[in-house]
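The annotation Mg(2+) binding site is assigned in TrEMBL to A:Glu47, A:Leu393, A:His447. For A:Cys66, A:Cys69, A:Cys441, the entry in TrEMBL reads Ni(2+) binding site. The Fe cation binding site feature in TrEMBL is assigned to A:Cys69, A:Cys444.
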Amino acid sequence: MTHGESKVLRVASLARVEGEGALHLRIHDGEVAEARLKIYEPPRFFEAFLRGRSSTEPPDITSRVCGICPVAYQMSACRALEDARDIVVGERLAALRRLLYCGEWIESQTLHIYFLHAPDFLGGDSIIDLARTHRTQVERGLALKQAGNAIVELLGGRAIHPVNARVGGFHRVPTRAELRPLEERLRRARDDAEATVRWVAGFDFPDTGIDNELLALAEPGTYAIDSGTPTAMTAPSSAGLPADTDRALPTRTFPLATFPDHVIETQVPHSTALHSRLDGRRHLTGTLARYAISGRWLPPDVLQVAGDAGLGDPRAGTVCRNPFRSIIIRAVEVLYAVGEALRLIDTYEPPPRPYVDVPDRAGTGHGATEAPRGLLYHRYTLDTDGTVTEAALVPPTAQNQAAIEQDLLHTVQERLRTGPHPTDAELTALCERVIRNHDPCISCSAHFLDLSVDRD
Amino acid sequence: MPALSDRRPQLGVWKFASCDGCQLTLLDCEDELLGIAEQVEITYFLEASSAPGPGPYDLSLVEGSVTTAEDTERIQHIRAASDRLVTIGACATAGGVQALRNYADVAEFQAAVYARPDYIDTLATSTPISAHVPVDFELRGCPIDRGQLIEVITAYLAGRTPDVPAHSVCFECKRRGTVCVTVAHGTPCLGPVTHAGCGALCPAYNRGCYGCFGPSNSTNFPSFIPLLRRDGMDTLDVVRVLRTYNTAAPEFDAAVRKELPG
Ligand code: SF4
Ligand code: SF4
């Protein structure tokens with residue numbers, strides 16, 4: 001790029017993400033001065049209109065924030081509303097919730113792998129294109145996604161905005177016999193999931209890394225999905241290491257009730273999604289964070305497959321900070337969720353009642369679970385008759401936005417320094433890939449890409 | 001050059017303010033997706049494809065409600081470029097849950113969610129697509145039903161009107177053989193006034209219908225509301241349940257206005 005060159009680039013819309021957004025790049029003298037991810041999904045004001053609703057309503061209402069991860073919203077809402085009344089549901093109900101959540105993990109992560117992300121590695125603009133060149137794989141992806149949907153449909157009634165979850169448990173719980181038909185399907189899904197890990201592990205990955213803190217729930221002994229304590233892993237630069245270091249760094253935890261003191265949301269002029277900082281620093285939630293924090297608790301057979309796929313051994317302190325490789329971790333998470341679902345079905349005992357009573361009482365409750373895209377936090381304040389007086393939702397993408405911008409800045413900078421002068425189309429494609437690596441879900445504002453580049 | 005009959009119909013899928021759930025329903029048609037893609041050319045579908053085509057479109061499926069000044073213009077362009085335009089879901093058909101702002105002070109809503117409301121560009125209302133452009137067909141549901149979506153797409157491909165019944169959820173309950181939760185347990189249920197399509201899901205899961213498919217073609221609120229009261233709902237409960245996912249549907253809106261004093 002010649003000295004002082006100035007240029008503006010615009011790309012109308014970002015594809016294969018959930019929601020709508022734009023990207024603004026300012027390039028000065030061949031250096032990226034600024035990368036702003038603009039989320040322009042029109043605001044939908046959930047937190048405002050939840051006020052005045054009954055305490056029974058947030059699970060159903062907040063599921064409408066996102067059609068891709070409705071179960072995550074339902075589960076975080078239920079946990080927060082139960083917490084406000086000091087209720088913890090019993091083990092059997094908790095197991096059934098985890099089973100429902102495994103269903104969403106399988107279908108949502110598979111959607112991202114096959115529909116949104118794989119075309120970046122294989123060429124082609126959509127899964128329909130892929131179906132022409134990779135028919136067997138695409139059919140496998142569809143079957144795998146369907147297996148996840150089958151769980152959500154059986155437990156929840158339908159795959160999008162299921163109707164069966166409620167504060168305290170479920171409206172109706174299945175019998176053992178009702179769950180049985182899922183088993184056969186999930187056994188096939190396990191083969192498909194394993195084949196998926198091997199498939200994506202063979203893609204071509206650029207060497208790169210991200211330098212920010214990683215935040216996920218942790219529940220020692222298990223791979224956290226539906227509960228856990230917020231746990232943050234130090235950023236490489238704070239430890240004086242390069243961004244792509246694969247060493248596990250020190251972690252710290254904080255009680256969920258103090259989440260609002262640690263994760264502070266701020267508003268930026270260019271986005272309808274709020275930005276947030278973890279103790280003043282950029283952080284990333286989601287697949288990379290979960291694997292870094294909970295990877296060592298995966299069952300040995302899953303760890304074996306992950307190791308063979310080149311992810312190293314989390315028990316020996318290896319973590320993956322390469323966002324391009326998140327597709328492999330996502331596939332490992334699907335494999336895990338399939339196995340976990342089979343285990344939960346195998347050990348399922350119908351709870352004595354479909355739900356526990358959650359009597360009304362004034363209070364504030366916090367709930368967080370691991371949505372496929374990352375940690376999803378809800379807080380509700382209730383008055384004595386159970387009316388919601390205040391609601392706060394902190395979705396993963398809002399937390400990740402700053403880290404994604406940093407990753408964009410870094411990646412574009414690398415490209416400008418090392419390769420030949422990129423065309424606008426090349427830059428757009430690169431940025432879209434970087435963004436898709438993080439699987440942002442922008443319908444929560446909370447959407448995709450309109451690239452403008454100012455070169456001056 | 002391909003013969004004219006070889007030209008596959010062009011499908012566009014568009015999004016306004018929404019949760020993406022209704023578009024996702026198309027991707028959730030795992031068994032039919034590749035078949036559909038052989039019959040139509042999915043020309044514009046940002047969620048699924050990064051190669052948007054310019055149109056014109058034989059069939060446009062529109063999700064989401066109109067909430068910004070820019071949206072009001074975009075929907076005009078989509079209408080002009082589309083032969084048939086079908087709205088999918090409660091947002092596109094009845095304003096969606098975000099239409100709750102229509103009854104509130106949006107400035108106050110903005111201030112409640114955003115520290116700098118002045119950064120946010122939004123209209124004071126969330127309105128259905130039909131408030132802006134003529135619509136050929138409205139598919140109900142929050143979210144829409146997969147079976148009904150396939151029926152709508154195949155019907156338009158075959159040049160016929162979609163066969164989507166407009167009777168109430170109660171009919172589907174009877175067909176499914178589900179015990180009526182109102183009769184058996186005194187559970188308040190919106191089934192009698194709600195549009196069919198879900199297969200009477202909620203009663204099958206032991207809960208009352210909460211109206212996510214919006215009003216059926218013949219609603220009788222004067223006799224229905226007393227039933228809700230009998231089953232323990234007070235005015236506030238009635239208002240809340242009607243003002244949720246299909247809050248801007250005229251039938252639900254009129255029923256609420258009757259309930260509210262003043
Ligand atoms: S109608 Fe419901 S399911 Fe469809 S996009 Fe709107 S909120 Fe989502
Ligand atoms: S029963 Fe009512 S609320 Fe439940 S899915 Fe059907 S239309 Fe929606």
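Glycine is no exception: its Cβ is also placed from the backbone N, Cα and C atoms.
Feature map: annotations from TrEMBL on the structure.
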residue  : record              : DSSP class
A:Glu47  : Mg(2+) binding site : helix
A:Cys66  : Ni(2+) binding site : coil
A:Leu393 : Mg(2+) binding site : strand
Message: Can you tell me the CA-to-CA distance separating A:Glu47 (Mg(2+) binding site) and A:Cys66 (Ni(2+) binding site), as a whole number of Å?
response: 14
Query: Rounded to an integer, what is the Cα-Cα distance in Å between A:Cys69 (Ni(2+) binding site) and A:Leu393 (Mg(2+) binding site)?
result: 14
- prompt: Taking the Cα atoms as reference points, how far is A:Cys66 (Ni(2+) binding site) from A:Leu393 (Mg(2+) binding site) in Å?
  reply: 12
- prompt: Got a sec? Which of these binding-site residues, A:Cys66, A:Leu393, has the most Cβ atoms within 10 Å?
  reply: A:Cys66
